[in-house]
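S.K.: Below is a structure I'd like to ask you about.
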Amino acid sequence: PDNVRVSYGTAGFRGNASGMEYVFFRMGMLAALRSKLKEAAIGVMVTASHNPEHDNGVKLIDPQGEMLAQSWESLATALANVTNDQLIEQLKQIIDSQKIPLSNTSFSFYCKRLQVSNEVVCNKTTFANASAFGATCHDHGLLTTPQLHYILACYNGGDIKVDEEHYYQNYASAFKALLNVVSLCKLNPVTSPVTVDCANGVGAAKLTKLAERIGANIIDIVVYNDGQSGKLNENCGADYVKVQQRAPAGLNMEPFHRYASFDGDADRLIYYTLDSDCNFILLDGDKIAALFATYIRDNLKKVNIEKNSVSASINLRLGIIQTAYANGNSTNFLINQQNIEIACTPTGVKYLHEKALTFDIGVYFEANGHGTVSFSLFYLKRLQKGESAFDPNKSAEERFAAKKLKLFLDIINQTVGDAMCDLLAVEAILQDKNWSVKEWYRIYTELPNRQAKVQVADRRIIETGDAERKVILPSMLQPAIDELVRKYPSGRSFVRPSGTEDVVRVYAEANTQENADDLAQQVSLAVYNIGG
């Protein structure tokens, strides 16, 4: 379309489905080219994630299930924005600049999300043009985004028969094995269900299948917003619950019952409940990260790998990666009370994932609930082979902790944030600790916070630095924010241009909800006035 420019970001391309066909056309070809270069299958995911039902999107997945290399994001953007008469020349430039051997065989793994207005057109377009460029395409139908990441990584790792059922069996077996190790299935049988809002998306049917493989006698999952009546992501889902800090529409909550929400393609997870006075309590990505990290750290202490290791000089590093959206009290809790190393990156899981890989075990979550755990191959092999963790000279407690830790990591889909795997991991920890959602919530008290969106003439005029915690341009904006923050006890606020919507996002926190709301409003006004 004339006068339209799209950009490949962390979430790939997204926009109104009626205008996306040409983008799908070109990304099918780009996937085929990248496959020829990498000599491995490339994933093509058709999804708009947490966006409204009328939107659609497409993103490419690299061979090990990781997001598309950042160096190729600019190639994708350039290819999507050239005019039709420039398309062939642009493709030639990509081939030449990347030294792509066109004679190589290429493969494309492809799947789609549920419900979008012109889904059939976009799917056929992507599929057909990958094929036209010489790719052998495998259509995996309806999958969650994390399922495609997982299947792709397994396939390129040598398991060419991997499919959706393989995913269910793998994670169901790991979950059951962990619960068996701690004898929870016998000593503490499941007595309370967890209700999961699946945002009327593809995750509803997939979660049902996973729960069936585990068994209702082990975990009782109640699926809500299964897509039979409501619209995708409309007044429901992880993004809605996180931003609005309220339950999905129509959900009648009970105090201290466990509730969770996925987003439309099931790569985000947040929990929530009500307290005894029926106040809404949110357990977002920060609380999930803290739960995971402390559980891993506690078992590592019992295993005591560093002290007993054959390679005693190796200092295993556990770290949590956060963004500016992380609640201030979560950061204080992890650093000052738990002595866990913290790193901060710009918003976008590609940045968190990259930083997590610098740790032996890296726990990363955005506050919106998108995250996972990465762990080094070296460390995993030590657990699996029993180099030190299963040394028969160790105590029963050490061997027990090592086995639990190994099985916990088996539950994790470390290729990408996976709402279903993260749900199992949370449930396993709560059962192991014999905690209710109340005990989990009380590990630290969050500062009240508020998120907002501001419409401006051009969100690109906002430039940030210091992992998006400070505004660089316009130069007048950061001093204005600093002046506002000083007026509120425990105040903190930052703004950043959205990577998925044509808005500027505002985050604020303070000592009370009233002050957090007021600070967000005042900062939003500053963005509106200074940002045009």
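Every residue, even glycine, has its Cβ placed from backbone N, Cα and C.
Unlike curated entries, TrEMBL annotations are predicted automatically.
From TrEMBL, here are the annotated features:
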{"type": "DOMAIN", "residues": "36-72", "note": "domain 'Alpha-D-phosphohexomutase alpha/beta/alpha'"}
{"type": "BINDING", "residues": "S49, D263, D265, D267", "note": "Mg(2+) binding site"}
{"type": "ACT_SITE", "residues": "S49", "note": "active site, phosphoserine intermediate"}
{"type": "DOMAIN", "residues": "163-269", "note": "domain 'Phosphoacetylglucosamine mutase AMG1'"}
{"type": "DOMAIN", "residues": "284-435", "note": "domain 'Phosphoacetylglucosamine mutase AMG1'"}
{"type": "BINDING", "residues": "E366, A367, N368, R496, P497, S498, G499, T500, R505", "note": "substrate binding site"}
{"type": "DOMAIN", "residues": "471-524", "note": "domain 'Alpha-D-phosphohexomutase C-terminal'"}
S.K.: What stretch of 36-72, 163-269, 284-435 shows the most Cβ pairs under 8 Å to the domain 'Alpha-D-phosphohexomutase C-terminal' (471-524)?
M.R.: 284-435
S.K.: Calculate the distance in Å between the alpha carbons (Cα) of D265 (Mg(2+) binding site) and N368 (substrate binding site), and round it to a whole number.
M.R.: 14
S.K.: Expressed to the nearest Å, what is the distance separating E366 (substrate binding site) and D263 (Mg(2+) binding site) at their Cα atoms?
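M.R.: Cα of E366 (substrate binding site) to Cα of D263 (Mg(2+) binding site) measures 14 Å after rounding.
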S.K.: Among the binding-site residues P497, G499, which residue has the fewest other Cβ atoms within 10 Å of its own Cβ?
M.R.: G499
S.K.: Around the Mg(2+) site formed by S49, D263, D265, D267, list the extra residues of the same chain whose Cβ is within 8 Å of the site's Cβ centroid.
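M.R.: Nearby residues not in the site list: T47, H50, T144, T145, G201, F262, G264, A266, R268, H370, A419.
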S.K.: Can you count helix, strand and coil residues in the domain 'Phosphoacetylglucosamine mutase AMG1' (163-269) using DSSP?
M.R.: 42 helix, 15 strand, 50 coil
S.K.: Taking only the binding-site residues S49, D263, D267, which one has a CA atom nearest to the CA atom of G499 (substrate binding site)?
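M.R.: Spatially nearest to G499 (substrate binding site) by Cα position is S49.
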S.K.: Would you mind listing the long-range same-chain contacts of the domain 'Alpha-D-phosphohexomutase alpha/beta/alpha' (36-72), meaning Cβ under 8 Å and 6+ residues beyond its ends?
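M.R.: For the domain 'Alpha-D-phosphohexomutase alpha/beta/alpha' (36-72), the far contacts come to 8, 10-18, 20, 23-24, 27-28, 30, 98-102, 104-113, 115-119, 122-123, 126, 130, 134, 138, 145, 148-150, 152-153, 155-157, 199, 231-234, 237-239, 263-265, 267-268, 349-350, 353, 415-416, 500-501.
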